Amino acid sequence: MFRRILQRTPGRVGSQGSDLDSSATPINTVDVNNESSSEGFICPQCMKSLGSADELFKHYQAVHDAGNDSGHGGEAGLALTRDDITLLRQEVQDLQASLKEEKWYSEELKKELEKYQGLQQQEAKSDGLVTDSSAELQALEQQLEEAQTENFNIKQMKDLFEQKAAQLATEIADIKSKYDEEKSLRAAAEQKVTHLTEDLNKQTTVIQDLKTELLQRPGIEDVAVLKKELVQVQTLMDNMTLERERESEKLKDECKKLQSEHAHLEATINQLRSELAKGPQEVAVYVQEIQKLKGSINELTQKNQNLTEKLQKKDLDYTHLEEKHNEESASRKTLQASLHQRDLDCQQLQARLTASESSLQRAQGELSEKAEAAQKLREELREVESTRQHLKVEVKQLQQQREEKEQHGLQLQGEVSQLHCKLLETERQLGEAHGRLKEQRQLSSEKLMEKEQQVADLQLKLSRLEEQLKEKVTNSTELQHQLEKSKQQHQEQQALQQSATAKLREAQNDLEQVLRQIGDKDQKIQNLEALLQKGKESVSLLEKEREDLYAKIQAGEGETAVLNQLQEKNHALQQQLTQLTEKLKNQSESHKQAEENLHDQVQEQKAHLRAAQDRVLSLETSVSELSSQLNESKEKVSQLDIQIKAKTELLLSAEAAKAAQRADLQNHLDTAQHALQDKQQELNKVSVQLDQLTAKFQEKQEHCIQLESHLKDHKEKHLSLEQKVEDLEGHIKKLEADALEVKASKEQALQSLQQQRQLSTDLELRNAELSRELQEQEEVVSCTKLDLQNKSEILENIKQTLTKKEEENVVLKQEFEKLSQDSKTQHKELGDRMQAAVTELTAVKAQKDALLAELSTTKEKLSKVSDSLKNSKSEFEKENQKGKAAVLDLEKACKELKHQLQVQAESALKEQEDLKKSLEKEKETSQQLKIELNSVKGEVSQAQNTLKQKEKDEQQLQGTINQLKQSAEQKKKQIEALQGEVKNAVSQKTVLENKLQQQSSQAAQELAAEKGKLSALQSNYEKCQADLKQLQSDLYGKESELLATRQDLKSVEEKLTLAQEDLISNRNQIGNQNKSIQELQAAKASLEQDSAKKEALLKEQSKALEDAQREKSVKEKELVAEKSKLAEMEEIKCRQEKEITKLNEELKSHKQESIKEITNLKDAKQLLIQQKLELQGRVDSLKAALEQEKESQQLMREQVKKEEEKRKEEFSEKEAKLHSEIKEKEAGMKKHEENEAKLTMQVTTLNENLGTVKKEWQSSQRRVSELEKQTDDLRGEIAVLEATVQNNQDERRALLERCLKGEGEIEKLQTKALELQRKLDNTTAAVQELGRENQSLQIKHTQALNRKWAEDNEVQNCMSCGKCFSVTVRRHHCRQCGNIFCAECSTKNALTPSSKKPVRVCDACFNDLQG
């Protein structure tokens, strides 16, 4: 139906009118009616539908043949119907052709009715015509609607076909573009292959040079070592091959699974193709399904894109968080530095407090002999002790609260210093009273005892310092062990990374093979397209030939000759097809083999290059780690130097303070003798008051002991809290260090290729860093100045408080006017101390400048040393070149001898076996030569340990070269002896020459092939060697710097021990001198001068020692560098031999590994995902634990604050009670005279108790230090474990990223494969359609050959629809096939090969001619 509607044209009515048969025209209307709602023939009067024309004739005769009226009314009705039809034509202009055909059909029906029925009555005819016209109008309207709907459906079908055509065009364009891209890729690959061949040629030349170097004689001892290493390497390679075989088996299983899935998918594709071939109706359904699938695919791609965008956002957030984390870590480091400085300040204050405690002990020894002033001073001392204890607690709180209460702590420390000044003033007053009361001998003895106590204290301090040094040494050893462990772990991780990279490379090779297979498929598709085009051209040629044949047949020329020609052409074409297919198969197979060989070669070269790149990367990472360790060690050394300087300054300040005290004591002795007579009268009054005060003093001492016990408990709690805080801070620092290590590993992975270029820039950056450190130190100096200003402000505040206290203590001012003068002198001393501190700061700046100058000098020395090393390198290379030239001469002689031996070896098989044995002996001798070379290198390294004996070392090398020449001459003699033996064998075995010539030629060819392989491998070896030399030179340079720093540390420790021994000796001398102070005051000045001279000598000696050590370090660096070069040469040779064996085995197992590694990567991916989830859970649990610990610390801090407040309240209450008791006991001062003796005894016992308490405190401090050691050990272990965990996480992340990348690439390849499969399906469908068309053309060809002009008598029915011919149903011949049809089946006209004009044709022939 659709074809008929499409084939209707407005000009067809004219063509139909031109036909000879007038009865053929009504068929169009019949078709329209048949395809409308009614079926068959319709009666024009009653509009009844009938099955055939005979039935319509009978119906009309039986029903409507009532009478014959006049025809005038009918003619009028016809005119009316014509007017109505014209109106309908105007209303329906879009369907003019169909309306004309319907009108013409109605007129023809009327003519036939008039012929067979005659005239009827006019009235009946008029009524019948009116009804007929109305019925016809309704039928026409229905037909119009149907035609519109059919047009709409046809348009939809046309749009679908156009969409399909557009899709096919786009796919063809994509295929062509991919073909062009693959062509370009192939050209690039060919270029790469040419470059690789050039590189191989270069490497062959390099390998030949290396052969000349390797033919040098080694020592005998290194052969065993090399054998052991070879055995180890072979075992490792066996294990690797076993693992790779397992992986290949797994990959084969997966490949089989994939192939089965591929076969299943191909079966489903074939089913879909068969279903598509069933009919065009199902095409639309499949198209819709395809569109739905495409929509779902688009949705999935959008989801994937959204997920990738989310991942990218998360990655960006992660990077931001890492940056924030780095900033916080930097801020924490700055805070830690500031806390460290404040801790140092606190230590200085504690040192001052210890000095004040010693002065308090002296005051307690002298209290028993003082008067009323002593009571008030003791009360003030107790108040100072209580305030000092409060200040200690507050200092610890300040350490916890850090930034909030720093100012308050500084104010309290200022108050403590002022109170200590007052204590010193009171001590001087007590000393005056004590000097008046007692004789000079007692004073001297007591002072000697005090100095002995000071010496003991200093000895204790020295012992503590020695213990601390020992602890630091043990810590350093532990750190070294940890470093070694971490290095081992790092090496293991590098091995794992290398294995993972090898697996990934194998996977990449598999992917390249898959891509290559896809390219082959694309080429096949293109070939099929070319074949399709050729088939279309052949079809067009066949159609032209068919038309020629039709013309010949219609012209009446020989049909048999034409058929024979066609058969011969078909036979010839089939033979050509078979030949061409065989040629194509052969060419395709050869082409595939060539491509596979090229691909294998390219993959081998890529594997070699990637292995070399991995080694370079591993060496660069090791270099960077060593450099970081060097920097850390340098920082530690600088910190130790700073600590040592600070301690030496403290010792010097303590000695200066002692000298000042001695001068003060002498002045006091002189004044005390004069004041004794004046104060004897006052003693009687003071003695009474002392009796009363002793009782109070005992009670208060008991109270102080209780308070000290409480203080100890609080200190222990506070220490435990501090340890927890330090543990948490250490954990945080470790996490920060791990994060920094992760970032460093990322940056190292990204910048490993650019490190060699940036070596020059690194030096400039180091200079800039040094300048920044200087600026930071200047900032520290400015901070110290600000602290001094703050302290001056605190002093002013203290002065204000002093003025208030002076107003309250007017009575004391009258009695202690002398003390005020002493306080003024102390203020002056404080100002002097401030000035001394400023001078010390300037000295520190000068030291910094000196250090900078030393740095510049050391850099210049290093440059000079590097120049000298370069000169020595050039000399050594010249000597090596000379040795190489000698060895080349030897090799040439050996080669000539080998050629002679090969010519003579062709004579006999036995001679060949003897030659093989001799070759093995020569290999052994070559190994011995290598061993001798190594021994020579060892001798060279030993000779270079002393730079002064370089000339002697050169002479030794020349001697060894002479020995080598002698050994070469001995070898020549051996070869000549072998030649003699060979000649004897030739004379005996001339019979077997003909047979063995062929075998020897084959062996020579094999040897040449092996030599080519060796040359290719050695070229790779030389490139790797050059890279390794550069990297290892950097490594050994940094190792030499490390050794120098360690030696400097050792020298510093030795200096410390010497200084300590000097200090101990000086202190012993001071103790001996103190016993004879009165007798040797005159000799004191001379001894001090001697000590000053000794110190100057010590400084000069220390400078000389430093210079000598620097020279030693420079020389040792040079020796280490030369040793490293020799060791590098040996290691490089061993590595290259190992790499040759590895490469030979890797070439065999490369194809198997690629399949195994994909399965391993998938398993590893799943394991890593699981481990990632577990680690995330652990991290969450750790975070929760951290939060709990923080909350517990806050609660503990609040409790400590509450307890402190309670104690302050108790202390205030007790102070009030003490004041009340003092007022009560002032009345009973007279009784104090009797209890003087008792008090003196009690004071001595108290001093002993204080000594025991100090010893206990020292033992507790030792315990604390031991516990701190244990905690440090535990922290180190925790740090190691956390570092391993972090490294594992980093490795897992890297593997996950690689897996994700691999999955993305696999998905891309899968999409490409699906697209290619679709294209294959389309091409196969097109080929099938072409085959069908060819079959249909062959059928039509046979039909055309069998066609005959049918006769009217033989055919009674239509040959298409089967209608019986009658008067109404007439016969019509098809001008194409010659068969007879009815008018309905032969309505169409078309051009045929036998006619120039359009001729009546049946529907089938019309479709054939038009299609």
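Glycine is no exception: its Cβ is also placed from the backbone N, Cα and C atoms.
Feature annotations, reproduced from Swiss-Prot:
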REGION    1-27  region 'Disordered'
COMPBIAS  15-27  compositional bias 'Polar residues'
ZN_FING   41-64  zinc finger
MOD_RES   S52  phosphoserine
MOD_RES   S70  phosphoserine
COILED    78-1348  coiled coil
REGION    476-501  region 'Disordered'
COMPBIAS  481-490  compositional bias 'Basic and acidic residues'
COMPBIAS  491-500  compositional bias 'Low complexity'
REGION    1189-1217  region 'Disordered'
ZN_FING   1352-1410  zinc finger
BINDING   C1358, C1361, C1382, C1385  Zn(2+) 1 binding site
BINDING   C1374, C1377, C1402, C1405  Zn(2+) 2 binding site
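Features recorded in Swiss-Prot, as mapped to the structure shown.
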residue: S52; record: phosphoserine; CB count, 10 Å: 15
residue: C1358; record: Zn(2+) 1 binding site; CB count, 10 Å: 22
residue: C1361; record: Zn(2+) 1 binding site; CB count, 10 Å: 11
residue: C1374; record: Zn(2+) 2 binding site; CB count, 10 Å: 26
residue: C1377; record: Zn(2+) 2 binding site; CB count, 10 Å: 21
residue: C1382; record: Zn(2+) 1 binding site; CB count, 10 Å: 24
residue: C1385; record: Zn(2+) 1 binding site; CB count, 10 Å: 21
residue: C1402; record: Zn(2+) 2 binding site; CB count, 10 Å: 26
residue: C1405; record: Zn(2+) 2 binding site; CB count, 10 Å: 25
Exercise for the section: Measuring Cα to Cα, tell me the gap between C1382 (Zn(2+) 1 binding site) and C1374 (Zn(2+) 2 binding site) in whole angstrom. Expected result: 10
Handout entry: recorded positions near C1402 (Zn(2+) 2 binding site), in sequence order, restricted to S52, C1358, C1385 and a 10 Å Cα cut-off
Key = C1385
Completion exercise
For Zn(2+) 2, residues beyond C1374, C1377, C1402, C1405 with C-beta within 8 angstroms of the site's Cβ centre include exactly R1375, Q1376, G1378, N1379, F1381, S1386, V1401, D1403, A1404, F1406
Handout entry: Integer average pLDDT (0 to 100) for the coiled coil (78-1348)
Key = 71
Fill in the blank from the handout: Per DSSP (helix/strand/coil reduction), C1405 (Zn(2+) 2 binding site) sits in helix
Practice task
Sort C1385 (Zn(2+) 1 binding site) into helix, strand or coil using the DSSP assignment.
Solution key: helix
Practice task
Please name which of the recorded positions listed here, S52, C1358, C1361, C1385, is nearest in space to C1405 (Zn(2+) 2 binding site), Cα against Cα.
Solution key: C1385
Exercise for the section: Could you name the residues, excluding C1358, C1361, C1382, C1385, of the same chain that surround the Zn(2+) 1 site, i.e. Cβ within 8 Å of the Cβ centre of those residues, in sequence order? Expected result: M1359, S1360, G1362, K1363, F1381, A1383, E1384, S1386
Practice task
Calculate the distance in Å between the alpha carbons (Cα) of C1385 (Zn(2+) 1 binding site) and C1377 (Zn(2+) 2 binding site), and round it to a whole number.
Solution key: 13
Completion exercise
Closest by Cα to C1361 (Zn(2+) 1 binding site), out of the recorded positions S52, C1374, C1377, is S52
Fill in the blank from the handout: DSSP assigns the residues of the compositional bias 'Low complexity' (491-500) as 10 helix, 0 strand, 0 coil
Exercise for the section: Measure from the Cα of S52 (phosphoserine) to the Cα of every one of the binding-site residues C1358, C1374, C1377, then give the nearest. Expected result: C1358
Problem - Alpha-carbon spacing, C1374 (Zn(2+) 2 binding site) to C1358 (Zn(2+) 1 binding site), which is rounded to whole Å - result: 11
Handout entry: Alpha-carbon spacing, C1358 (Zn(2+) 1 binding site) to C1377 (Zn(2+) 2 binding site), which is rounded to whole Å
Key = 14
